[in-house]
Amino acid sequence: MAMKVAVTGAAGQIGYSLLFRIAAGALFGPETCVELRLLEIPSAINALEGVAMELDDCAFPLLDSIQMGTNADQIFDGVNLALLVGARPRTKDMERKDLLDANGAIFTAQGKALNAVAADDVRIGVTGNPANTNALIAMRNAPDIPAERFSALTRLDHNRAVSQLATKTGSRVSDIRKMTIWGNHSATQYPDIFHAEIAGRHAAEVVNDQQWIEQYFIPTVAHRGSAIIEARGSSSAASAASATIDAARDWLSGTPDDDWASMAVVSDGSYGIAEGLMYSFPVTTKHGNWEIVQGLEINDFSRAKMDATAAELVQERDMVTELGLI
Ligand SMILES: NC(=O)C1=CN([C@@H]2O[C@H](COP(=O)(O)OP(=O)(O)OC[C@H]3O[C@@H](n4cnc5c(N)ncnc54)[C@H](O)[C@@H]3O)[C@@H](O)[C@H]2O)C=CC1
Ligand SMILES: O=C([O-])CC(=O)C(=O)O
C-alpha cells in the first residue's frame, strides 16, 4: 500500500530538497510507494508545477502520484503523514517571535483541515517556524487527532549539535549517541551533551571543557540558523529538509536500542516542564509512537537552561492564546 504524504510549502526552498528525497524512498525505504500531496498558496502554484515536472522527470520508481493544490481539505484527504513546512521564513533582523502572528492563521486552518480529513493513523511534523508554537496551534485546532501525533522539528538542532561535538572531539558522527535538544527551536534552546556518549564514553568527560560547552558549543548550535542566514542570505534549506526526513523516518520506524532522538512533543510534565507545552525532549520511538526518556539526572546548569527555554515557550503560548489562535 502506498503512503500518502502531504508537504505544505512544497514550492519553497526546503520543499525543493525534501520532495526528491521522499520520492526516492528516504522515508519508508525501497519497498514502499508514496503518493505526494503538495499544498501551496495560489501565487506559488506555477512554481510548484515546475517542481512536479522535475519530479516526473526523475522517473522515481516509488513515486505513485503527485497531487497539487491550494485547498487543504483536498490535499490532506486521507494522508498518513503531513509535513507542515509552508510558512514565512525569517529574514535578516527578524526575530522568530515576529513570525507568530503571520503564521498563526496558517496553522489554525491546517490543524482544522487535518482534523477533518486526515487518515486515522496520521502523524504531523511541523518544520515551519516558529515550529513549536505552530505545532501547538495545529494540535489545539485538531481536537480529534491524539495530541501525541504532533511534533515540531528540533532534529536539525540535534544534528548540528552532533556535528559540532564530532568536530571538537575528532570523532565520527556515527560514534555519537544520546544527544539532547531541550525546549524551543529558537536561540533559547538547550543542546545538552551531559547524557551524550562518544563511542560509549561520556561526552562531557571526553570534552572536559566547560568553557567550550558554554561559550562555543551552545551558542554555535543555538544561533546556527542566524549564521546561515547571514552567510547564505536565506535560511537553511537542504539541512532542514534532511532533518525533516530524519525526524519523520525515525518517528515511524523507531530509534536504535542504544540511542534516542530529539523531538518537540507535547509535555506530560516530565522534567518539570509544564504540561501541554510543545517542548523538545529526548525521546525513543517505536512503530510511530514516542516516549520521553525518563530518569536523566539534571544538573543545576542544565536546569536553568531548560527552564529558560520553557519560559519562552510559555510566552509564545500566552501570545497565541491572546491572539485567539488556541
Ligand atoms: N524547524 C527548523 O529546523 C527549520 C525551519 N525552517 C522554517 O521552514 C519554513 C519554510 O522555509 P523555506 O522553505 O526556506 O521557505 P520558502 O519561503 O522558500 O518556502 C515557503 C513556502 O511556503 C509557502 N506557503 C506559505 N503559506 C502557505 C500556506 N498557507 N499553505 C501552503 N504553503 C504556504 C510559500 O508559498 C512558499 O513556497 C520557514 O518557516 C522556515 O523558517 C527553516 C529551517 C529550519
Ligand atoms: O533560523 C531560521 O529562521 C531557520 C531555522 O529555523 C534554522 O536554520 O534553524
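For all residues, glycine too, the Cβ spot is worked out from N, Cα and C.
The domain 'Lactate/malate dehydrogenase N-terminal' feature in TrEMBL is assigned to 3-147. In the domain 'Lactate/malate dehydrogenase N-terminal' (3-147), helix, strand and coil residues by DSSP number 65 helix, 27 strand, 53 coil.
Marked as NAD(+) binding site by TrEMBL: Gly9, Ala10, Ala11, Gly12, Gln13, Ile14, Gly15, Asn103, Gln110, Thr127, Gly128, Asn129.
Here TrEMBL flags Arg90, Arg96, Asn129, Arg160 as substrate binding site. A 10 Å cutoff on Cβ-Cβ distances gives Arg160 (substrate binding site) a total of 22 other Cβ atoms nearby, all chains included.
Under the heading domain 'Lactate/malate dehydrogenase C-terminal', TrEMBL lists 154-320. On the 0 to 100 pLDDT scale, the model's mean across the domain 'Lactate/malate dehydrogenase C-terminal' (154-320) is 97.
Look at TrEMBL and you will find His185 tagged as active site, proton acceptor. Reduced to three states, the DSSP call for His185 (active site, proton acceptor) is coil. In sequence order, Asn129, Pro130, Ala131, Asn132, Ala152, Leu153, Thr154, Leu156, Asp157, Ala264, Ser280 make up the list of same-chain residues 6 or more apart from His185 (active site, proton acceptor) whose Cβ falls under 8 Å from its Cβ.
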Original post:
What span in Å does the NAD(+) site cover, taken as the longest CA to CA distance among Gly9, Ala10, Ala11, Gly12, Gln13, Ile14, Gly15, Asn103, Gln110, Thr127, Gly128, Asn129?
Top reply: 20
Original post:
Is any of Ala11, Gln13, Gln110, His185 (recorded positions) within Cβ reach of ligand 1, i.e. under 6 A, and which?
Top reply: Ala11, Gln13, His185
Subject >> Listed binding-site residues with Cβ under 6 Å from ligand 2, out of Gly9, Ala11, Gln13, Gly15, Asn129, Arg160 >> reply: Asn129
**OP:** May I ask for the distance between Arg160 (substrate binding site) and Gly128 (NAD(+) binding site), taken between their Cα atoms and rounded to an integer number of Å?
**Re:** 18
